[in-house]
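> First the structure, then my questions, so here it is.
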Amino acid sequence: VLCRCRPLNDREKALTSKVCVEMIGAEGKVMLFPQDNDPPKEFTFDGAYFMDSTAEQIYNESVFPMVESVIEGYNGTVFAYGQTGAGKTFSMQGLEDVPTQKGIIPRAFEHIFETTATTADMKFLVHASYLEIYNEEVRDLLGDSRTTKLDIKENGDRGVYVAGLTMHVCHDVAGCADLMKKGFNNRHVGATLMNKDSSRSHSIFTVYVEAMNAEGTIRMGKLNLVDLAGSERQSKTGAVGDRFKEATKINLSLSALGNVISALVDGKSKHIPYRDSKLTRLLQDSLGGNTKTIMVACISPSDNNFDETLSTLRYANRAKNIKNKPRINEDPKDALLREYQEEIERLKAMVTTGGTAPSISSNFDVDAERAKLRAEFEEAMIDLKSQYEREQTTKVGLQADLVALKEQYERANANINEHAASSGKIDANEAKRRIEQLEHTLVGGEQANNEALKQKRLAKIKESEKKTQRLAAALNVRSDDPLLQVYSSTQEKLDAVSNQLKKEQGKVKALQSEIEDLQGEFELDRLDYLETIRKQDQALKLHSALLEKVSPLIRKDCNFANLEKVKRDAVWNDDEGRWILPEVAITRTTLPGMNGIAGIGAGIQHQLAAHLSGGFEDEESKLRKKLARSTEENAAKNYFQPTKKVDLASKYREDSKRHNAAASRISSFAPVSTFDKLLSGVVYTDDVYSGTHTLSPVNNNSINSVMKRPIGKLDSLPARI
């Protein structure tokens with residue numbers, strides 16, 4: 001654990017802040033002075049770097065040995081921790097234009113490629129990935145889409161990993177620097193009162209170094225370079241809206257990290273809460289696992305940030321007691337270097353044998369692969385159907401996913417055929433080109449004869465070892481017990497014992513002050529949590545009020561109209577940290593079949609009238625048709641013109657035909673007796689002038705008996721039409 005203190009920034013100078021931090025670099029001591037006359041609070045770390053220190057000094061003395069171990073096959077992690085605006089990103093990234101202030105990440109790039117270039121008889125494969133954890137969502141900073149959320153998986157061979165995270169091969173320092181710059185520009189940042197460029201997410205840049213010696217033994221080291229978002233107090237940052245939501249997620253993940261550290265240090269905890277956050281899940285190996293880990297605690301020297309600085313120092317002091325168990329990763333199953341080497345050997349054999357590849361044809365069973373693919377397809381299809389049955393999704397969504405699954409199966413089958421076809425003759429020039437491409441991917445030995453570069457690297461290794469020895473010697477210096485000394489007089493012994501008593505009393509007073517400070521810090525945390533709870537409660541009430549206003553507007557034939565059922569069907573996903581809701585489904589109301597006639601409700605009159613008239617017609621269409629008719633005829637003249645018996649007879653003859661046709665359509669899907677009961681008590685009326693038809697209830701038992709007879713002049717017409 002290292003501690004780094006940055007200089008005062010412009011904000012702190014404007015507040016006329018005083019420096020409350022002192023350091024003794026040779027002993028790794030950090031002293032924090034309260035504003036009152038209480039004794040200073042002392043902490044001891046593996047390295048203490050004050051305001052005048054440089055990134056070069058920190059790297060050469062403390063980080064260099066760990067990166068050297070990564071190249072040898074160990075896992076390593078460097079992460080910066082501290083309050084917002086404490087200099088974490090500056091320590092990790094640094095300044096490109098100032099050589100002495102290049103950050104830990106670019107220096108690690110230079111170190112890795114310098115070592116691979118000066119190492120003979122070994123080949124290296126270096127690739128990198130870059131991700132961020134924003135609002136407890138994992139995203140790829142080097143991927144095609146920044147919004148795609150990735151899942152964290154775990155298996156016995158790979159351990160904890162991020163599914164779908166892109167890997168990028170690096171040939172030199174410039175390639176790694178370009179990846180870092182691209183990902184850094186995609187990272188979420190935002191302005192707060194404490195920092196105008198505050199990181200709103202945790203980021204992890206991982207470098208994988210695979211090495212193969214002449215005997216074919218492979219070692220794979222992994223270097224995690226972690227830049228944590230800063231812990232925040234809402235009262236100081238003034239975070240509102242999205243900034244407040246981000247700060248809440250950041251503080252929760254850092255609290256989970258603190259709980260993991262406490263559980264590891266305690267030694268009595270049977271359960272380590274790694275799964276409480278995405279951050280602790282990804283850093284699981286770095287905390288108490290197979291990794292060499294360096295924590296850089298970044299602090300502010302200002303007395304205005306006394307509480308935050310004290311909290312950071314206590315946090316780091318706890319982490320100092322974690323015991324990791326690193327080991328060299330030999331012959332890992334997921335090493336890409338082995339795959340590349342085997343492909344190079346296969347292609348070389350193909351070139352020498354004239355383009356044939358017997359090794360592939362003998363090892364690749366097309367029928368077995370097709371059978372395996374078919375079994376996987378059927379299993380996936382069964383799982384998909386059962387999943388949709390559980391979630392009660394629509395038939396359309398199920399059909400679409402089945403089609404997509406079938407297309408995926410066909411593509412995989414085509415790939416098998418292509419692989420089988422390519423197992424015969426392959427163009428020799430194509431094989432040579434592929435060999436050159438793969439060999440160019442591997443690095444190592446380019447500067448094997450550069451003695452100056454080798455000596456420079458050895459000097460850095462010796463310097464880091466001397467620093468460790470000096471620190472150990474300084475920490476082992478202990479004053480002898482005054483009671484065991486030989487004194488010339490009783491007064492001399494009394495003075496020595498009195499001085500020792502004063503020192504012990506000072507320690508007791510410091511411990512009492514520490515207890516009071518811890519209680520005060522817990523009280524501040526409690527108030528901060530209460531403020532967070534209040535704001536979240538306000539947001540919850542706002543969403544509840546919106547839901548109450550909107551829910552009556554939801555269509556009744558939509559499954560979300562019944563919110564209680566939606567709540568029962570919702571499932572909480574621990575891995576994604578969100579509720580999975582059922583798919584939106586709309587049930588179309590249709591006329592029931594023969595078995596459902598008895599249950600027809602009041603809406604049957606409206607539906608049957610629409611069926612008899614040829615379908616539904618909205619009000620706007622009716623008005624348009626009526627307007628069109630009014631423009632084509634003289635309404636006043638036609639109204640006062642006497643109606644001819646022939647016209648009325650023709651009209652009622654057409655109505656009779658239309659009625660008989662409708663009756664035949666009805667009888668085609670149900671027995672006559674059933675619809676006689678259905679239509680009993682219903683009368684069909686015809687408006688001569690509007691041209692509309694309606695159904696209304698009466699007490700008669702048949703449609704024919706309820707047709708209105710013509711009145712007035714129509715009485716003289718024959719009864720039969």
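Positions of Cβ are set from backbone N, Cα and C atoms, glycine also.
Below, the features straight out of TrEMBL:
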DOMAIN    1-322  domain 'Kinesin motor'
BINDING   G82, Q83, T84, G85, A86, G87, K88, T89  ATP binding site
COILED    374-455  coiled coil
COILED    487-521  coiled coil
> Across all the protein chains here, work out how many other Cβ atoms are within 10 Å of the Cβ of T84 (ATP binding site).
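Step by step: centre on the Cβ of T84 (ATP binding site), count other Cβ atoms within 10 Å, giving 24.
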> Within 10 Å of the Cβ of G82 (ATP binding site), how many other Cβ atoms can be counted across all chains shown?
27
> Applying a 10 Å Cβ distance cut-off over all chains shown, what neighbour count does G85 (ATP binding site) have?
28
> Quick one: mean pLDDT on the coiled coil (487-521)?
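Mean pLDDT, the coiled coil (487-521): 81.
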> Around the C-beta of Q83 (ATP binding site), how many further C-beta atoms are within 10 angstroms, looking at every protein chain?
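Counting Cβ neighbours of Q83 (ATP binding site) within 10 Å gives 24.
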